[in-house]
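K.L.:
Not my notes, these are from TrEMBL:
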type	residues	note
BINDING	C126, C131, C167, C171	[2Fe-2S] cluster binding site
REGION	205-246	region 'Disordered'
Amino acid sequence: MFANLLRLYQLPRLVLQAPPIRALSTSEPRFKLDACNLYEKLKFEFDEENKKRAEFLISTYPEPERRGALLPLLDLAQRQHGWLPITAIQAVAEMLKLEPFVVWEVANFYTMFNLRPIGMFRLKVCMTTPCRLRGCDEIWRTCENVLKLKDGETSKDMQFTLTATYCMGACVNGPVIAVNDDLYEDLDVPETEKLLSELKSGIMPPAGPRRDRFASEPRSGLTSLLTEPPSAGFGMQELSPKAKPC
Ligand code: FES
């Protein structure tokens with residue numbers, strides 16, 4: 001345990017001072033924390049409730065495959081702490097009996113995990129082709145201008161973190177911004193400004209399409225499912241052989 005901590009002692013310096021590893025990231029990191037202070041101030045331990053959750057998650061995997069619980073455990077740690085300090089990486093590694101570096105590599109790979117402190121609202125703007133065709137560049141510029149942030153930066157008051165990201169699987173509703181766990185879709189510049197001002201005043205508006213759609217139905221009206229669907233079992237009785245009377 002102590003040897004592991006010693007080996008990890010150098011990691012925060014590397015993790016926290018390195019630029020965020022995201023293909024679209026161009027800005028310098030804002031957080032340059034000192035490793036010693038980090039250990040003093042940001043000790044991590046699962047609280048009682050999350051410890052039980054973590055143990056349950058681990059118990060759902062057979063012993064040789066317990067590393068399967070790695071992603072849910074990292075998520076749990078991040079939800080408890082807000083981001084993943086190196087001490088949380090260590091705690092997860094100990095629970096799963098994995099090398100801390102393996103856990104760190106996984107956390108570093110997925111953009112959903114934050115290895116640095118982030119703002120209360122983490123905004124991820126999709127910059128992949130379908131959203132681009134629907135005007136995400138304008139949405140991005142609006143976010144930059146309103147929040148006065150560049151890619152990867154966090155506001156001084158720790159309210160916002162802004163990042164450009166890749167497809168989030170809601171292409172049919174592009175352009176899309178993810179705010180923490182929720183997706184805000186069908187955005188244009190006025191709707192983005194409205195969303196940002198709501199977030200600035202601490203309000204988390206309802207997620208989903210922000211314009212004239214309920215979900216992802218075509219704007220021009222339905223093109224299929226135009227009639228009432230037949231009831232369950234439709235056509236089955238005609239196809240099956242007639243039952244013989246007893
Ligand atoms: S391209 Fe933006 S959500 Fe898929």
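Using N, Cα and C of the backbone, Cβ positions are placed for all residues, glycine too.
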K.L.:
Drop a 10 Å sphere on every Cβ of the binding-site residues C131, C167, C171 and tell me which sphere holds the fewest other Cβ atoms.
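P.N.:
Across C131, C167, C171, these binding-site residues, the one with fewest Cβ atoms within 10 Å is C167.
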K.L.:
Determine which residues of this chain, when C126, C131, C167, C171 are set aside, have a Cβ within 8 Å of the centroid of the [2Fe-2S] cluster site's Cβ atoms, and list them as they appear in the sequence.
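P.N.:
Nearby residues not in the site list: M127, T128, T129, P130, C136, Y166, M168, G169, A170, G174, P175, V176.
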K.L.:
Mind giving me a neighbour count for C126 ([2Fe-2S] cluster binding site)? Other Cβ atoms within 10 Å of its Cβ, every protein chain shown.
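P.N.:
Result for C126 ([2Fe-2S] cluster binding site): 28 other Cβ atoms within 10 Å.
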K.L.:
Per DSSP, to which secondary structure element type does C167 ([2Fe-2S] cluster binding site) belong, with helix, strand and coil as the options?
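P.N.:
In three-state terms, C167 ([2Fe-2S] cluster binding site) counts as coil.
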